[in-house]
Amino acid sequence: MLAIVDVGNTNIKFTLYVDGEFSESWYISTYHERTASELYAILRVLASQANINIHHLVGAAVSSVFPAVNGSITEMFKSFFNIVPVFITSAHASLLGINICLAQNTIGSDRLADIVAARTLYPDRDLLVIDMGTITVFNLVNKNGDLYGQVLSPGLACLVKSVRLCTAALPQVCVNKPTTKVISDATASSLESGLYWGYLSMVEGVIQRILKEESGKSLQTVATGGASNFFRDTTHVLSIDKLLTTKGILQIYRKLIENEEGR
């Protein structure tokens, strides 16, 4: 049993990989003061509720864009499972056939995982890989594995949080799929509608502009990330794979282990 850990700015996603299949997934809010003992206690309870013996773990692969919790995650696996977790970084890109052709020669490990998994799903294709997380990231990758362009914008969670922080009288809302009717006569539902449809329109609009700029290419578009599943039934522009990042982390982990064993 392998633990695949995706540490984002908002949530830590723990996924178990058992007998060749992705099993349970659990989400814990990302918080920089979480200790190893606290993380272990939460995992143990979640695993117990699912009738899983978490101590059957034999390895751990971690992608993290929130460095403040890396120490606690490492300590948890070492202290409670006797496992040294494998952390994925953009330094592994060349090993995986990815060339980072950006002004900054580094990207988040989650983006690398997304790209690796997308290239496996769609080999020999020019790709537009979108991660709809805390920040929405549009990655442009050609069939040779060159990451040559990007667009970054606020994610849905950022937009919801900005309403709370920047207004005094508006209600706090959770964005779920509204009705197909966009217009509402109630404040809360109209705010939910604006956030939901406004965010989706932004994503679809950016995609259309990218496709126009890259008109000479036949881009395969694939999306993942925490917010992506909310839009599965309301857009035909996106091919959504909610496990894309998790699949990529697993692929990179296997490559790193294989490379280490081959030395």
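Backbone N, Cα and C atoms are what each Cβ position is placed from, and that goes for glycine too.
According to Swiss-Prot, the protein carries these features:
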- D110: active site, proton acceptor (ACT_SITE)
- D6, V7, G8, N9, T10, N11, I12, K13, T134: ATP binding site (BINDING)
- G108, S109, D110, R111, T187: substrate binding site (BINDING)
- D131: K(+) binding site (BINDING)
Quick note, D6 (ATP binding site): same-chain residues at least 6 apart with CB under 8 Å of its CB -> I12, K13, T15, S63, D110, A113, T245, T246, I249
Neighbours of D131 (K(+) binding site) among binding-site residues G8, T10, G108, S109, T187 (C-alpha cutoff 10 angstroms), in sequence order, are none
Between the Cα atoms of T187 (substrate binding site) and T10 (ATP binding site), what distance do you get, rounded to the nearest Å? 26
Taking the Cβ of S109 (substrate binding site) as the reference point, list residues of the same chain whose Cβ is under 8 angstroms away and which are at least six residues distant in sequence. S63, S64, V65, F87, I88, T89, S90
Do you know which of the binding-site residues G8, G108 has the most other C-beta atoms within 10 angstroms of its C-beta? G8
Least surrounded, by Cβ count within 10 Å, of the binding-site residues T10, T134, T187 is T187
Rounded to whole angstrom, what's the largest C-alpha distance between any two of D6, V7, G8, N9, T10, N11, I12, K13, T134, listed as binding ATP? 13
Neighbour count, 10 Å Cβ-Cβ cut-off, for the residue listed as 'K(+) binding site': what number do you get? 27
Taking Cα atoms as reference points, which of the binding-site residues G8, T10, T134 is nearest to G108 (substrate binding site)? G8
